[in-house]
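> So TrEMBL lists the following for this protein:
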{"type": "DOMAIN", "residues": "7-315", "note": "domain 'FAD/NAD(P)-binding'"}
{"type": "DISULFID", "residues": "Cys44-Cys49", "note": "disulfide bond"}
{"type": "BINDING", "residues": "Gly114, Asp299", "note": "FAD binding site"}
{"type": "BINDING", "residues": "Gly173, Ser174, Gly175, Tyr176, Ile177, Ser178, Ile179, Glu180, Gly259", "note": "NAD(+) binding site"}
{"type": "DOMAIN", "residues": "336-437", "note": "domain 'Pyridine nucleotide-disulphide oxidoreductase dimerisation'"}
Amino acid sequence: MSKQYDYDVLYLGAGHGTFDGAIPLASKGYHLGVIEADKIGGTCPNWGCNAKIALDAPVRTLHEKQRLNGILNGDLSIDWYKNMQHKHKIIDGLPNAIEGLLKHFKIDVIKGRGSLVDGHTVEVNGKTKSAKNIVIATGLHSNHLDIPGSDLAHDSKDFLALDHMPKNLTIIGSGYISIEFADIANASGANVTVLMHHDKALRQFYQPYVEKTLDALSQRGVKFIKNATPKSFEKDGSQLTVKYNDDKVKTDWILDATGRNPNVKNIGLDKVGVKYDANGIKVDDHLRTSVDSIYASGDVADTDEPKLTPTAQFQSKYLMHLFSGDTKDAIDYPVIPTVVFSSPRLAKFGVSVDEAKQKGYKVVSKNLTGDWYRQIDKEQPAHLTLIFDQDKHLVGATEVSDKADDTIDSLLPAAEYKLSPAQVERMIYLFPSIASDVWANL
Ligand SMILES: Cc1cc2nc3c(=O)[nH]c(=O)nc-3n(C[C@H](O)[C@H](O)[C@H](O)COP(=O)(O)OP(=O)(O)OC[C@H]3O[C@@H](n4cnc5c(N)ncnc54)[C@H](O)[C@@H]3O)c2cc1C
Ligand SMILES: NC(=O)c1ccc[n+]([C@@H]2O[C@H](COP(=O)([O-])OP(=O)(O)OC[C@H]3O[C@@H](n4cnc5c(N)ncnc54)[C@H](O)[C@@H]3O)[C@@H](O)[C@H]2O)c1
């Protein structure tokens, strides 16, 4: 370790942008500190991916039961309170587990809000800590609409801690959080209204497939109102009103799901000259900020990659390799998939259908509902689009179906390693299985 500083590397934030790389870096003998203002583990385990997918498990089962109605008999319903208790049981221990792991590798865990003092120094709890390099991995926070009554609205953290599902729930926005939570709330018995800012939802996904997900949600009772600009939230007793355009909707609970903004305020960026804007902290292709000794990782870094856990993990591991001298190369991202955990799920990676058309790539679209394997549990809808370059390599895929997360995941090696048709043919999968089913399309 450098004698000049307290640490080799000091991390601000203890989410995936930090710990996936910090742990292997510490195991190589580097002396590290991690400063966390809230729960160790950050958004994903506590208020994001893990918490959400725990609540989604019975939703998935309920939808499967609905598809198999008549074969499977009896009524199923979700007990929200028990579902939430179950979530607490499996999620609440994660911060301690991750902290235990950090400490096991002799990483100093400092609880408090850190702020940069200079290129090598952070102030936390009135003390200063120094490091050869600093990594800012402070993540994002929920956007709060700047309209009258905005305090009456809740964010995704509140939803993921709801003890009782409200009877009527109104969601503002139609991105990832809106569509996933609309699905969970609807399956759990709420009347859900989604106010879409435009006439399209999930605009980064293939729109014909997004429409299929929205159709499924509409058929189950979710109400979508297009081109709705929220004007105010008002309260009369326990009744809330969302005013939008020249109309209004009465509701019991409002979820503001209008996006997430980088945590760049009050961490000393201006003081030390780290450049940032509304998209996050500016970094070069080595994740280095405008100050040489300071790097940024995870959601707070302004990169072209999707702001997801796998991106944060990859970046923090890249920094581990950079700091330990394993590499001097620029970060080279693999194919990063993404999924909306609705029912049906929407998943994709790589080249989009629009890009494929511009590049003259081959686009193959399939209605999978006729596949015998999809008929087993009456999957409806189930559509897959595959994109191949001129050399017949798979370069993009998108699917809408209840199994889309698994199918898209299983296709990743074909795209990442540019498998040739002959190599694809050598791949053997368990039969019958969803991987075997989807690879038969290559
Ligand atoms: C509701 C929801 C669902 C999601 N679902 C998925 C999903 O299914 N799949 C997926 O891939 N991604 C999902 N995401 C995104 C995923 O959670 C993030 O991409 C991931 O958590 C980013 O990790 P990070 O370390 O960059 O930031 P974070 O996990 O947000 O960690 C940042 C940490 O920094 C701390 N911090 C901030 N300021 C300071 C300071 N000054 N001093 C000390 N600490 C500070 C914060 O308290 C926080 O703990 C979801 C996000 C949300 C909100
Ligand atoms: N499955 C996953 O991987 C997953 C799930 C949830 C969240 N996330 C992450 O969290 C991020 C945030 O999710 P999100 O759903 O909040 O954001 P988002 O960017 O996906 O969607 C924001 C929505 O709010 C709308 N909106 C923006 N400004 C508005 C305004 N003034 N009035 C009304 N509507 C407005 C947008 O049109 C959009 O529909 C995602 O981008 C993603 O990185 C990922």
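From the backbone N, Cα and C atoms, a Cβ is placed for every residue, glycine too.
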> Given a separation of at least six residues and a C-beta threshold under 8 Å, show me what packs close to Gly175 (NAD(+) binding site) in the same chain.
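Sequence-distant Cβ neighbours: Ala201, Leu202, Ala257, Thr258, Gly259.
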> Take the domain 'Pyridine nucleotide-disulphide oxidoreductase dimerisation' (336-437) and count its residues per DSSP category (helix H/G/I, strand E/B, coil), listing them in that order.
37 helix, 29 strand, 36 coil
> Taking only the residues in the domain 'FAD/NAD(P)-binding' (7-315), give me the average pLDDT of this model.
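Averaged over the domain 'FAD/NAD(P)-binding' (7-315), the predicted model reaches a pLDDT of 98.
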> On a C-alpha basis, identify the one among Gly114, Gly173, Ile179 that is nearest to Cys49 (disulfide bond); the candidates are the binding-site residues.
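In terms of Cα distance, Cys49 (disulfide bond) lies closest to Ile179.
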> Of Gly173, Gly175, Ile179, Gly259, which binding-site residues come close to ligand 1, meaning Cβ under 6 Å from one of its atoms?
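By the Cβ criterion, which requires under 6 Å to ligand 1, there are no hits.
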> Around the NAD(+) site recorded as Gly173, Ser174, Gly175, Tyr176, Ile177, Ser178, Ile179, Glu180, Gly259, what other same-chain residues have a C-beta within 8 angstroms of the site's C-beta center?
Ile171, Phe181, Ala201, Leu202, Ala257
> Across all protein chains in the structure, which of the binding-site residues Gly114, Gly173 has the highest Cβ count within 10 Å?
Gly114
> Given Cys44, Cys49, Gly114, Asp299 as the recorded positions, which ones have a Cβ positioned under 6 Å from some atom of ligand 2?
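Checking each Cβ against ligand 2, none of them comes under 6 Å.
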> Where the distance is taken from Cα to Cα, which of the recorded positions Cys44, Gly173, Ile179 turns out closest to Gly114 (FAD binding site)?
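Ranked by Cα distance from Gly114 (FAD binding site), first place goes to Cys44.
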> Among the recorded positions listed here (Cys44, Gly173, Ile177, Ile179), which has the Cα closest to the Cα of Asp299 (FAD binding site)?
Cys44
